[in-house]
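Reading through the structure tokens given below for one structure.
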């Protein structure tokens with residue numbers, strides 16, 4: 001029980017610090033800074049720009065959110081991004097050339113995982129907007145301010161996750177591209193080796209034997225390092241996501257507490273008004289009865305004056 005209270009206190013302090021010093025947003029307001037002109041990056045940039053417009057929650061956005069227009073636009077942009085991404089990945093696979101099978105499989109697996117995370121982020125965004133539309137439709141004639149605030153918080157969180165996963169995918173594709181370039185260079189080296197003189201071929205074969213002995217170790221070391229880095233990044237991402245969830249839950253709890261307090265104040269005011277309405281007529285009636293009684297007493301005294309008492313005189 002003490003441990004639970006300690007965790008709650010730490011969470012509250014973290015929320016207070018977050019309110020006192022707001023977290024700085026990454027510089028992503030104009031364009032994605034890491035874009036290098038690849039078609040899939042340009043398609044993702046269009047998705048990002050549309051998301052920035054949706055996040056303003058302007059009157060036009062609110063109007064279009066009532067229909068399926070926003071989710072349809074996001075679906076088209078998602079499909080364009082995934083199509084361009086698959087085409088770019090296929091192009092890199094064709095350029096890989098000769099490469100260790102373990103390295104090829106590892107790179108392909110990492111890129112596929114990063115691609116899946118990016119697609120899941122886009123899908124979560126679309127689903128969240130669809131959920132908001134359904135919630136608004138069920139609250140016709142009521143205030144949707146709380147729904148808009150909650151949507152803004154979720155969009156900010158999803159946008160950060162989308163940015164992080166997009167950068168991770170770009171980095172892994174860069175490694176994939178470097179592997180393709182290395183494979184092409186190895187292919188040219190192999191042709192040069194076959195066309196060289198016999199002495200050069202023998203010397204090259206000897207050098208390749210030495211390199212071949214160390215290559216599996218190098219590949220395994222690279223694979224192990226990549227797995228360790230991936231695991232550390234995953235743990236860090238999970239910790240950040242968990243912290244965001246805790247903060248979001250605390251914000252929701254605080255909003256509910258404030259709402260309940262406001263309702264209690266309103267109920268107290270209503271009860272006070274009812275009490276006043278009950279007792280005011282009673283007090284006024286008692287005052288009227290008391291005034292009538294006083295008037296009657298005064299009238300009775302005026303009509304029947306008390307005669308002066310006779311005092312007997314003493315005999316002299």
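Heads up, the Cβ atoms here are built off N, Cα and C, so glycines get one too.
What you are looking at is a predicted structure, and each value in this text was computed from that prediction instead of being measured.
According to Swiss-Prot, the protein has these features:
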{"type": "BINDING", "residues": "158, 159, 160, 161, 225, 226, 227, 228, 229, 230, 231, 232", "note": "heparin binding site"}
{"type": "MOD_RES", "residues": "143", "note": "phosphoserine"}
{"type": "REGION", "residues": "76-251", "note": "region '8 X 22 AA approximate tandem repeats'"}
{"type": "REGION", "residues": "154-164", "note": "region 'LDL and other lipoprotein receptors binding'"}
{"type": "REGION", "residues": "206-286", "note": "region 'Lipid-binding and lipoprotein association'"}
{"type": "REGION", "residues": "262-316", "note": "region 'Homooligomerization'"}
{"type": "REGION", "residues": "274-286", "note": "region 'Specificity for association with VLDL'"}
{"type": "REPEAT", "residues": "76-97", "note": "repeat '1'"}
{"type": "REPEAT", "residues": "98-119", "note": "repeat '2'"}
{"type": "REPEAT", "residues": "120-141", "note": "repeat '3'"}
{"type": "REPEAT", "residues": "142-163", "note": "repeat '4'"}
{"type": "REPEAT", "residues": "164-185", "note": "repeat '5'"}
{"type": "REPEAT", "residues": "186-207", "note": "repeat '6'"}
{"type": "REPEAT", "residues": "208-229", "note": "repeat '7'"}
{"type": "REPEAT", "residues": "230-251", "note": "repeat '8'"}
{"type": "SIGNAL", "residues": "1-18", "note": "signal peptide"}
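Distribution of Swiss-Prot features across the structure.
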residue	record	Cβ contacts under 8 Å, 6 or more apart
143	phosphoserine	none
158	heparin binding site	121, 124, 125, 128
225	heparin binding site	none
227	heparin binding site	none
229	heparin binding site	none
231	heparin binding site	none
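Here the repeat '4' (142-163) has Cβ contacts under 8 Å with residues 26, 28, 32, 48, 51, 54-55, 57, 62, 118, 121-122, 124-125, 128-129, 132, 135-136, 241, 244, 248, 251-252, 255 of the same chain, all six or more residues outside its ends. Among the residues 158, 159, 160, 161, 225, 226, 227, 228, 229, 230, 231, 232 said to bind heparin, no two Cα atoms are farther apart than 29 Å. In the three-state DSSP assignment, the secondary structure recorded for residue 229 (heparin binding site) is helix. When Cβ atoms from all protein chains are considered, those within 10 Å of residue 160 (heparin binding site) total 18, not counting its own. A helical conformation is recorded for residue 158 (heparin binding site) in the three-state DSSP classification.
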